[in-house]
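Here the structure comes first, spelled out in structure tokens, and everything after it is commentary.
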């Protein structure tokens, strides 16, 4: 497969990934969910995963290794783990935000990957390699190389513009988040005594703060950035983390004092 064909099919698989994510999340949330990191209707992580699986399996076949279905399943299942984990980590490190969270899923690692999702990606790999890849090869045979090159250039240009707009918007988002970080810390500190006195759940306080902070950020950024914020699953709130630790430490201290008095 030529470089131009790889670019074109990367975009096609990214589009299919966006369709899958949007339909699944819309049904799950019972409201329209426009999924993805970029503004356009694509999820690049799906395109990257699909092309990585196709190229890896193709190279193994060329090396004389006959792949069974379970080989492809394992390759895509295991390969999706570092891809998804690395993407989540990178986005969180750069933007202090994350677009998916598996914390409530079984056998998850830091909420970034989980076994059920990886198994699903493995099943998706079977569809990609045994169904979509042969279809792509048949389509490639009927498209002139010049047309494929032009499509690839157009897609690269569109992707570059989209990525530039998205990064600019999310940078604005990150700046807004930093501006109110001090306010977040102050609020959580004020809530410490209240939470201890009333016995409120720490996680409930944190969720309340996260939702409130997300709304405030959305109000402080522009329209494009606001669109990006609505797609963010959550973000790291450093002040909340610090105050949560403070709250837990204070509760432990009060518990220790109470035990000493009882003895």
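Heads up, the Cβ atoms here are built off N, Cα and C, so glycines get one too.
Note that TrEMBL annotation is computational and uncurated.
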Per TrEMBL record, range annotated transmembrane segment [choices 5-26, 115-136]:
115-136
Range among 37-60, 181-204 that TrEMBL annotates as transmembrane segment
37-60
Of the ranges 148-170, 217-239, which one does TrEMBL list as transmembrane segment?
148-170
